[in-house]
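What TrEMBL records for this protein:
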type	residues	note
DOMAIN	94-346	domain 'Glucose-methanol-choline oxidoreductase N-terminal'
BINDING	V260	FAD binding site
DOMAIN	457-504	domain 'Glucose-methanol-choline oxidoreductase C-terminal'
Amino acid sequence: MLLKLSPPPFGLYALGLAFLQSPVFAAIYDRFNDLPSGREGDCGLVLANRLSENPKHNVLVLEAGVSSVGIFNITVPYFSTQIMPQFDWNLTTTPQSGLDNNVIFFPRGFILGGSSSINGMFYTRGSADDFDRFAEVTGENGWSWRSIQRYLALNEKLVPPAGNPNTTGEFNPSVHSLNGTTSVSLPSFAQSIDTKVIDASSELGGVFSFNLDVNSGFPLGVGWLPRTIDSQGRRSSSASSYLETVLRRKNLDVLVNARVSRVLPTDKSSSSTTGYAFRTVQFAQDIVNGPLHEIIATKEVIISGGVVGSPQILLNSGIGNSTFLSSLGIKPLVDLPSVGQNLSDQSFIANAFLVNSTNTYDDINRNNTVKTAALKQWQGQDLDGLPGDVQGSGPLGDTFANQISYYRVGKELTNRFGDFASGPTSPHLEIYPGNGFFIVTPPTGNYLSMTTVVVSPASRGSITINSTNPFTPPLIDPGYLTAEFDVAAMKEALKITYTFLNASG
Ligand SMILES: Cc1cc2nc3c(=O)[nH]c(=O)nc-3n(C[C@H](O)[C@H](O)[C@H](O)COP(=O)(O)OP(=O)(O)OC[C@H]3O[C@@H](n4cnc5c(N)ncnc54)[C@H](O)[C@@H]3O)c2cc1C
């Protein structure tokens, strides 16, 4: 099947895959010249995994960033709290009018696995209403909450946390799968605030009531937070779960340091009325000096460059708003005005409060002796002369939040602005506690973080380009807090946070 683009299809993925003869062996390559000849195409890692299940398909993944294999700082979950510029695109937003024209860092993974290799590993599904809304909007019932269960089960593999602590009462086994691909576990490392959080939920009740499983389709309330971490306390990313496990396949190859500039029509005789077959992918391994390489997929190209990379590749290729592309000097091939529009991102504030406890994570972040001891614990080295230190245990084998909570804003706000959540089971707000001040820890003091997120934002923005150089960073405008609803909702999140913190527990 060729990927033919003609208006109005949307949801274009890109970077391709190909069907070739005589598979040789599978590998991750650094240089184009080392690729076995005849390997043509590429695609996202879940697709690469599923498509290469069929030995008749040959699949090539092109990744702009580096390989994730064996990278320690990616594997150790806790290091997700630190910015790692070598694995990041290091992008920033345009000045944000909703944030006093500040420019904000916009992290995205520049590595195999993309942002799943640098993210916070929270495993939280959308609500039942979210999926049912996808089904309604797309007219495709396969997206409904009921239908999607099969795919959630294929994705999730619930495993015991490192050290096998007792997780009874922290989840509902009936909504989890033991047989999928991505390892998911409950917290392995008890934080000193855990009991206080659960006690506050029970004391306050109402909207703070304990929810046995926020992944049941009904996320409202306070619950324990599953994370994509395996039983040895290692990050489970799309690269570690979907790619590294199948690298032995002879029909799957990966080329890293390969930045795609454009997809090109392969059949020059096609036109915007008959539709183009975009099977040629152009990319560079050296974006300053070139050269530009071209490969042609025998079958199909699938663009999966994420929320920033995909629209940028499409716009570079002449697929987008024709008037805009012409004004920039790019020949429009397919008029798709929605490309890069309607960007929706969740604004958040990492609120930090000084606390009188010294039992927080802050010293791991700023004291090398404490960090080294925690690393030894993660490596399973003996710290106390007693047997039993487990690989992946301790604070570094876990992410920074053990609980998560979801709320709806009051009726006053939805009556005034409308309801931007997908339905009554869907939250407007997410709030999670963390036992420290993360990302940029101050040199002194101990902290409690209460991060507040508007998860059903009304603000909309865009991803666009302002250059004919395909490697110039795109213009990222998430429009943070430009909608009045989002500002009002964030204020409500802060009020909820104060109520929660004022519980006597
Ligand atoms: C800091 C951070 C924390 C997050 N925390 C969580 C969390 O705790 N839980 C959660 O569920 N979600 C979290 N997310 C969101 C989640 O990680 C992303 O939604 C998800 O990874 C998006 O997947 P994707 O494949 O669409 O895009 P990406 O993960 O961005 O992958 C796109 C891939 O394409 C590559 N690429 C892009 N352009 C090109 C090009 N021109 N040529 C070649 N390759 C290209 C990129 O390098 C990347 O590997 C977080 C995201 C970030 C950034």
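Cβ coordinates come from backbone N, Cα and C, glycine included.
No curator has checked TrEMBL annotations; they are predicted automatically.
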In the domain 'Glucose-methanol-choline oxidoreductase C-terminal' (457-504), how many residues does DSSP assign to helix, to strand and to coil? 18 helix, 7 strand, 23 coil
Helix, strand or coil: which one is V260 (FAD binding site) in, per DSSP? strand
Row the residue listed as 'FAD binding site', column other C-beta within 10 angstroms, all chains, value 26
Please work out the mean pLDDT for the residues of the domain 'Glucose-methanol-choline oxidoreductase N-terminal' (94-346). 96
